[in-house]
C-alpha cells in the first residue's frame, strides 16, 4: 500500500539517526564538548551516537563492536564511495583492498560535475562539496561509463542523489556509490563514475514495479466508485461508506505512484504535498473501514440508539469521524516532522529531503502508520467476530420461534451485507498483513518471495473489490436497469419532441388557412389518389 522499500534494514531506536546518514568517527578528533572533527566538518555532540552494527549492504546488517558514528549527512550533503579512497573492490576476497600492482593514477582532487537546484552545472571538488561515506549498496554492481555509451549518461545533484538519464530514474544516495573506472586497459588515469546495483538487486526498479502494481488497482476502484454513485439503489449507508473508503485508497495510491514514477524532487514542496496527501487519504480509508465494521455490528445490536438520526445525519457523523481523525493524524505527523528537538529516528520522514513517504528504515513508520492501522484492524476484527456471534444467535432464535417473512428477509439482507464486507475486510487484511511483515523482515532475503505476494496483493485488490461489489448478479441487474431507463428516457424525450413538432406544424397550418364551413379541408393521400383524409 505504501511506497515500501523492499530491501531495507531497520535501525535501533536508541541511535540518533539512520545508519545511512552516518560516518565512522573512530580515530577522528574529539572535542571537550562531545563534538567531532570529520575532515574539517564539525559534527555536534547531539548528532553523535554509539552503534554496535553496520549495514554491509542495503539488505544485510552485521553486528560489530561498539563504535562512534556521527550524523554528518543531516547538515551536509553526503556522497557515497564504494570503497575507501585509493582502494578497489576485489571479488576474490569480497572486499576492498589497496592494489599495489595497479599503476593507474587517481584523480587528485577528484572533480565532479554537479547539477544544482537552479539547474546550473558546476565542476566541484568531491571532497569539499560532500561529506564522503564509504558503503557498497549491493553485492553485484556495474559502473556507468558515459564515454562509451549514451545509455550510461547521468546527472549528480547537490544532495548526493543521481538521475539515470536513459530511464529517468532518480536514485537515492544510499542506492549507488562512486567508483574509479577506466575504459581501456592502456588508460593510465582513473575516472570517477557512479556504480549501480545489478538489475536483480536494483531496489529503485523494484519500487517502480510496485508502483505499476498499484496503478493496476486504480481503474477498478474508480469504476466501482462510478457504479455506486450512478445507481440510486446502491447509494445507501453501506454504499456511500464503500465509496469514501475507495476514494481514500484511490487518491493515496495515485499520490504515491506520481511521486515514484515522475521522480519528484525529495527536497521540494511537491514532494511534501503528495506525501502528506497520500498519508491523509490512506488513514481516512482505514477509518472508513472501521465505520463499515461498526455499522454492520450496530445493525445487529439489540438496541438502535443511533437510529434516531436520519441516514443523512448518520453519514455526516461518520464523515466527520473518519476524515476528522485522519486530519488529526495528519496534523500530529506534520508537527512531529517539524520538531527540531525530536530525534530523527522518531520523525516520520515525509518530505525530509530523502523520502516523500514515510521513512521505512527506522521505527517511525510503526508509530505513524502501521501502529494506528494495527489498532484499527484489531478493533475491526473484534467487531466482525461480535457481529458473527450475533448473527448466529439471531438465527437460532428465529429457528426456535415462528418468524415472520419480513424478519427472515431482513436477516437475510443483513447477512448478505455482512458476508460481503467480511470478504472486503479479508482482502484488505491480507494486503495489510503482507505489508506489515515486509516492513519487519525487509532485510531478510529469505522472505523475499513475500514481497512479490505483497505486490500481487496491491495489484489485485482493486480488481477483487470490483468483482466483489460490481460483478454481483444483483448489481449487474441494477446496472442493466439503469442503462435501460436512461435509454428509454432518451427515446421518450425524442418521441415527445417529435409529437410536439407535429402538433406545432398542424397548428401553424390551421392558422394560415381560412376555415370554410361549406367546403372542408381535403388532403389527398400520397399512397392512393382515390383515398382522401378530411379534417374538419
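Glycine too: its Cβ is placed from the backbone N, Cα and C atoms.
Here the structure is a predicted model, which means the values were calculated and not measured.
Listed features, source Swiss-Prot:
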type     : residues : note
CARBOHYD : 24       : N-linked glycosylation site
CARBOHYD : 33       : N-linked glycosylation site
CARBOHYD : 103      : N-linked glycosylation site
CARBOHYD : 113      : N-linked glycosylation site
CARBOHYD : 118      : N-linked glycosylation site
CARBOHYD : 159      : N-linked glycosylation site
CARBOHYD : 184      : N-linked glycosylation site
REGION   : 487-506  : region 'Disordered'
TOPO_DOM : 263-273  : topological domain 'Extracellular'
TOPO_DOM : 336-365  : topological domain 'Extracellular'
TOPO_DOM : 439-449  : topological domain 'Extracellular'
TRANSMEM : 212-232  : transmembrane segment
TRANSMEM : 242-262  : transmembrane segment
TRANSMEM : 274-294  : transmembrane segment
TRANSMEM : 315-335  : transmembrane segment
TRANSMEM : 366-386  : transmembrane segment
TRANSMEM : 418-438  : transmembrane segment
TRANSMEM : 450-470  : transmembrane segment
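Structure coloured by features recorded in Swiss-Prot.
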residue	record	CB count, 10 Å
24	N-linked glycosylation site	15
33	N-linked glycosylation site	8
103	N-linked glycosylation site	7
113	N-linked glycosylation site	11
118	N-linked glycosylation site	6
159	N-linked glycosylation site	20
184	N-linked glycosylation site	7
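Counting Cβ pairs under 8 Å that are 6 or more residues apart, the transmembrane segment (418-438) and the transmembrane segment (274-294) reach 3 or more and are in contact.
Counting only same-chain residues 6+ beyond the ends of the transmembrane segment (212-232), those with a CB under 8 A from a CB of the stretch are 1, 239-240, 242-243, 246-247, 249-250, 253-254, 256-257, 261, 455-456, 458-463, 465-466, 469-470, 475, 478-479, 482. DSSP gives residue 103 (N-linked glycosylation site) a coil state; it is part of no helix or strand. The separation of residue 103 (N-linked glycosylation site) from residue 184 (N-linked glycosylation site), Cα to Cα, is 14 Å. Here the transmembrane segment (274-294) has Cβ contacts under 8 Å with residues 1-2, 238, 241-242, 244-249, 251-252, 255-256, 258-259, 264, 318, 321-323, 325-327, 329-330, 333-334, 350-351, 355-358, 368-369, 372-373, 376-377, 379-380, 383-384, 387, 421, 424-425, 428 of the same chain, all six or more residues outside its ends.
Residues 117, 159, 161, 163, 168-170, 172, 350-356 of the same chain lie 6+ residues outside the topological domain 'Extracellular' (263-273) yet bring a C-beta within less than 8 angstroms of a C-beta in it. According to DSSP, the topological domain 'Extracellular' (263-273) comprises 5 helix, 0 strand, 6 coil. Taking the Cα of residue 118 (N-linked glycosylation site) as the reference point, the closest of the glycosylation sites 24, 33, 103, 159 is 159. Counting residue by residue with DSSP, the topological domain 'Extracellular' (336-365) contains 8 helix, 2 strand, 20 coil.
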